[in-house]
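Beneath this line is the structure, given in C-alpha cells, with notes to follow.
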Amino acid sequence: MEQGVSFDLDLIRRYDQSGPRYTSYPTAVEFDEAFDETAYKATCARSNESGRPLSLYFHIPFCDTVCFYCACNKIATKDRSLAQPYLDRVYKELEMQAALFDSSRQVEQLHWGGGTPTFLSNAQMTELMDVTRRHFKLAGDDVGEYSIEIDPREADAETVKVLRQIGFNRMSLGVQDFDPRVQEAVNRVQTEAQTMEVLNAALDEGFRSVSIDLIYGLPFQSVDSFLKTLDRVIEVNPQRMSIFNYAHLPERFKPQRRINDADLPAPQVKLDILQATIQRLTDAGYVYIGMDHFARPDDELTLAQQAGTLYRNFQGYSTHADCDLIGIGVTSIGMIDNTYGQNRRGLDEYYADIDAGRLPVFRGIALNQDDLIRRDVITRLICHFQLDMRSIEAKWGIDFASYFADGLETLKGMTEDGLVAVDSEQIRILAPGRLLVRNICMAFDAYLAAKTGPIGFSKVI
Ligand SMILES: C[S@@+](CC[C@H](N)C(=O)[O-])C[C@H]1O[C@@H](n2cnc3c(N)ncnc32)[C@H](O)[C@@H]1O
Ligand code: SF4
C-alpha cells in the first residue's frame with residue numbers, strides 16, 4: 001500500500017468538522033439501557049462457540065492531580081486508600097466475568113488504562129495481575145500484547161521493573177509537552193528527567209514497544225516551542241508516537257474551564273504546528289498510521305497496515321483483530337461477539353452492582369446487519385486507507401454501489417478535491433485525505449446521516 005500523508009491547509013479548513021473517532025461503530029452515543037446484564041451474559045455464552053481469543057481492558061480511574069486539559073474518565077484524589085476498595089470490586093468482577101467464558105479461551109491482549117494505572121502501589125499492581133492470571137489464561141510474552149498507560153510522574157525505574165516482571169511488554173508514556181510554561185498552564189508539571197528515567201528503564205527492562213503521547217493546541221504553544229518538545233522525543237526514538245489534538249470542550253469537561261481561552265494558540269497556529277509536526281516526523285522516518293498515530297517503519301503496526309491486517313478498537317490501533325474484548329472496571333466498554341456493553345460510570349453505582357453480585361454492565365448495543373456492514377467499511381478505511389468493494393460484497397452479500405449510493409454520492413465532492421479516488425472496484429484515501437479520514441468515514445455512518453449534525457465530537461484542528 002502506498003504510504004504517506006500530505007497537508008493541504010485549504011482542504012483541512014474546508015472539510016474539518018467535528019466527528020467521531022470511530023473506536024467503535026456505532027459510537028457510544030447510540031448505546032442504550034435495553035442492553036443490560038442479561039443481554040450481556042447471553043452474548044458471552046454465544047461468543048464461546050467461536051473460541052476466539054480474548055482481550056482484557058482494565059480501567060484504573062484515579063489520578064493524583066488533575067491535568068486541566070484532560071478529557072479522560074478519571075477521579076482526581078490524593079487519597080491512596082481509595083485504591084484497595086476499588087481493586088476488591090475489580091477482583092469480584094474478574095471472577096464473575098471469568099465464569100462467563102470458556103477457560104480454554106486464551107487472553108492475547110491486555111491493557112491497563114486510566115486515569116493513572118500506576119496510582120496503584122507496586123504490591124497492588126502485582127496482586128491485580130496475579131488475580132487476573134488466576135481467572136484467565138494469558139498467552140506467553142512472545143504472543144501476548146500487554147500494555148499499560150504511564151504517567152512518568154507516577155512511576156520510576158523500580159515501578160518499570162515490577163511492571164516487566166508481572167508481564168507488561170508495552171507502555172505508552174504521557175508527555176504532552178516539555179515546555180514549563182505550557183506545563184504550568186495545564187497543571188501538569190513533569191520534568192524531562194522524570195520522563196527519561198521511565199523511558200530508559202523501559203529500554204533496560206526489555207519492553208518491546210514504547211509509545212509517547214504529545215498534545216498540540218495547548219496554551220502558549222507555538223510552532224517553535226512544540227518542535228523543541230518533538231525533537232527531544234525524536235532523539236530517544238520511541239517505536240510509536242501519538243500526537244493528539246487538544247479538544248477544548250469546557251462545557252463538557254469541567255477542569256478545562258481552568259484553561260484560559262485567550263492563552264490557546266489560534267487555529268492557524270494549530271494548523272502550522274500540525275504541518276510542522278508531520279514534516280518533522282516524516283523526515284525522521286516515522287510512518288503516519290492514521291488518526292493521530294505515527295510508528296517506525298519496522299513497528300508491528302506499520303507492518304500490519306502494509307499487510308492489511310491492522311485493526312482498531314477502544315484501545316486504538318492493534319494487530320489483534322480477532323479478539324472478544326472484556327471491559328473491567330468503572331466506565332469500561334467491552335466488545336463481545338456483535339455487541340458493545342459498557343460498565344457503570346459512577347464509582348458508587350459500580351460498587352453497588354458488584355456488591356449485590358451483579359455485573360455492572362448498564363448499557364450497550366447489539367449490532368444489526370447494517371451496523372456490521374458499515375463497521376467493516378469504516379474499520380477498513382481507517383486502518384488501511386483503502387477498501388476493496390468486491391471483498392465487502394462477497395463478505396456481506398450486497399451490491400456495494402446500490403447499498404452505499406448515498407455514501408458514494410457524498411464522496412463525489414471529496415473525489416473532485418483529491419481527498420479520495422473512487423472507481424468501480426476501490427475506494428482509496430489519497431495522501432491529502434488521510435488527516436481527514438474520519439470525515440471520509442462519516443459518509444458511511446448511518447447514525448450521523450439521520451441527525452442534523454454531530455455534536456460534542458472533536459476535530460482534526
Ligand atoms: C489516560 S491518559 C494517559 C495516562 C496518564 N494518565 C497520563 O496522563 O500520562 C491518555 C492520553 O490522552 C491524552 N488526552 C487527555 N485529554 C486530552 C484532550 N482533552 N485532548 C487531547 N488529548 C488528550 C493525553 O495525551 C494522555 O496522555
Ligand atoms: S491526562 Fe492522565 S494524569 Fe492527567 S488527569 Fe488525565 S488521566 Fe489523569
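Cβ atoms here come from the backbone N, Cα and C positions, even for glycine.
Just so you know, TrEMBL annotations are computer predictions that nobody has curated.
If you look up TrEMBL, you'll see 48-284 marked as domain 'Radical SAM core'. The feature S-adenosyl-L-methionine 1 binding site is assigned by TrEMBL to TYR57, GLY114, GLU149, ILE333. Among the features that TrEMBL reports, [4Fe-4S] cluster binding site is placed at CYS63, CYS67, CYS70. For TYR69, CYS70, ALA71, GLY115, THR116, GLN176, ARG188, ASP213, ALA247, the entry in TrEMBL reads S-adenosyl-L-methionine 2 binding site.
Overlay of TrEMBL feature records on the structure.
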residue: TYR57; record: S-adenosyl-L-methionine 1 binding site; Cβ within 10 Å: 21
residue: CYS63; record: [4Fe-4S] cluster binding site; Cβ within 10 Å: 21
residue: TYR69; record: S-adenosyl-L-methionine 2 binding site; Cβ within 10 Å: 25
residue: CYS70; record: [4Fe-4S] cluster binding site; Cβ within 10 Å: 21
residue: ALA71; record: S-adenosyl-L-methionine 2 binding site; Cβ within 10 Å: 16
residue: GLY114; record: S-adenosyl-L-methionine 1 binding site; Cβ within 10 Å: 25
residue: THR116; record: S-adenosyl-L-methionine 2 binding site; Cβ within 10 Å: 24
residue: GLU149; record: S-adenosyl-L-methionine 1 binding site; Cβ within 10 Å: 21
residue: ARG188; record: S-adenosyl-L-methionine 2 binding site; Cβ within 10 Å: 22
residue: ILE333; record: S-adenosyl-L-methionine 1 binding site; Cβ within 10 Å: 21
Local confidence of the domain 'Radical SAM core' (48-284) - pLDDT mean: 97
Top Cα neighbour of ALA247 (S-adenosyl-L-methionine 2 binding site) in the set of binding-site residues TYR57, CYS63, CYS67, CYS70, GLY114: CYS70
Fewest other C-beta atoms within 10 angstroms, as judged across CYS67, ALA247, which are the binding-site residues: ALA247
When distances run from the Cα of ARG188 (S-adenosyl-L-methionine 2 binding site) to each of the binding-site residues TYR57, CYS70, GLY114, GLU149, the nearest one: CYS70
[4Fe-4S] cluster site shell beyond CYS63, CYS67, CYS70, criterion: Cβ within 8 Å of Cβ centroid: THR65, VAL66, PHE68, TYR69, CYS72, LYS74, ALA76, ASN187, ARG188, PRO255
Closest of CYS63, CYS67, TYR69, CYS70, ALA71 to GLY114 (S-adenosyl-L-methionine 1 binding site), Cα positions, binding-site residues only: CYS63
Contacting binding-site residues, sequence order - CYS63, CYS67, TYR69, CYS70, ILE333 vs ligand 2, Cβ under 6 Å: CYS63, CYS67, CYS70
Separation of alpha carbons, GLU149 (S-adenosyl-L-methionine 1 binding site) and THR116 (S-adenosyl-L-methionine 2 binding site) (Å): 7
Alpha-carbon distance [TYR69 (S-adenosyl-L-methionine 2 binding site); CYS63 ([4Fe-4S] cluster binding site)] in Å: 14
Residue pair CYS67 ([4Fe-4S] cluster binding site), GLU149 (S-adenosyl-L-methionine 1 binding site) - Cα distance, angstrom, rounded: 15
Env. residues of S-adenosyl-L-methionine 1 site, Cβ within 8 Å of mean position of TYR57, GLY114, GLU149, ILE333 Cβ: PHE58, HIS59, ILE60, HIS111, TRP112, GLY113, GLY115, PHE314, GLN315, GLY329, SER332
Three-class DSSP secondary structure - ILE333 (S-adenosyl-L-methionine 1 binding site): strand
Alpha-carbon distance [GLU149 (S-adenosyl-L-methionine 1 binding site); ALA71 (S-adenosyl-L-methionine 2 binding site)] in Å: 15
